[in-house]
Amino acid sequence: MSPNMGYYLSSSFVFFLLAFVTYTYAATIEVRNNCPYTVWAASTPIGGGRRLNRGQTWVINAPRGTKMARIWGRTGCNFNAAGRGSCQTGDCGGVLQCTGWGKPPNTLAEYALDQFSNLDFWDISLVDGFNIPMTFAPTKPSGGKCHAIHCTANINGECPRALKVPGGCNNPCTTFGGQQYCCTQGPCGPTELSKFFKKRCPNAYSYPQDDPTSTFTCPGGSTNYRVVFCPNGVADPNFPLEMPTSTDEVAK
């Protein structure tokens, strides 16, 4: 083999490798914990889970076509060395590495990548309630509906008594169920309880059919994202400065 042939083969392999990586991953999502306590981040259907102390980050590589995906924070967790335990909010079956959805209440960052018209669709949802303030944003906003969204209000501190639970604030669908709150049997509209969430976080889903003001889009295949817990660096007054942590749990 001539030296030039070897160079071209090596260059072709590098090009193929870069093309493969570009094709495989539609987005990287950086998850950061700015809360003054430990958050056990969770991500499905990819990622699983990761313990994040204050200031720590976790990068998730999301493949093209990923859909029905969600990222959330768990609080008040204790896990053993085998990754088994429990969380006060957001627990996903008693394991560190989540494969299913979390138990309400949990503030959700939801996304579907490279979907209709090659767009990413994403949102913050309070349909499963609220436990942690959150920002969800493209790293390079491109105008229109491709910009940062926030839910940083003091929802836990102001939560209606009927929805208040340890560590968070339930959505009325979780607490009461039924068509009025859950929209399980066709169209439904906002309620006084869902308006409590919408008033404080106008960009977030407050009930299941709250689509027009709550769904955001960015160009698919070229947009990366960042999810930040407690983006202002503080939690609301309902939280102590430090949540309980386990000395046995080891971040993977």
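Each residue's number is its place along the chain shown, starting with 1.
Just so you know, glycine gets a Cβ as well, placed from its N, Cα and C.
These numbers come from a predicted model, not from an experiment.
Marked as disulfide bond by TrEMBL: Cys35-Cys230, Cys77-Cys87, Cys92-Cys98, Cys146-Cys218, Cys151-Cys201, Cys159-Cys169, Cys173-Cys182, Cys183-Cys188. Annotation comment: TrEMBL describes 1-26 as signal peptide.
With respect to their backbone Cα atoms, Cys35 (disulfide bond) and Cys151 (disulfide bond) stand 14 Å from each other. Cys173 (disulfide bond) and Cys92 (disulfide bond) have their C-alpha atoms 19 Å apart, to the nearest angstrom. Of all the disulfide-bonded residues listed here (Cys159, Cys182, Cys188), Cys159 has the Cα closest to the Cα of Cys230 (disulfide bond). Closest to Cys169 (disulfide bond) by Cα-Cα distance, out of the disulfide-bonded residues Cys183, Cys188, Cys201, is Cys201. Nothing from the disulfide-bonded residues Cys77, Cys146, Cys201 places its Cα within 10 Å of the Cα belonging to Cys188 (disulfide bond). Cβ-based neighbour count (10 Å, all protein chains) for Cys159 (disulfide bond) stands at 21. When Cα-Cα distances from Cys146 (disulfide bond) are compared across the disulfide-bonded residues Cys87, Cys92, Cys182, Cys201, the shortest belongs to Cys201. There are 18 other CB atoms within 10 A of the CB of Cys182 (disulfide bond), with all protein chains counted. Cα-Cα distance from Cys201 (disulfide bond) to Cys159 (disulfide bond): 13 Å (rounded to the nearest whole number). Recorded residues Cys151 (disulfide bond) and Cys98 (disulfide bond) have their alpha carbons 23 Å apart, per Cα-Cα distance. Annotation for Cys87 (disulfide bond): same-chain Cβ neighbours under 8 Å, separated by at least 6 residues, are Trp40, Arg74, Thr75, Gly76, Cys77.
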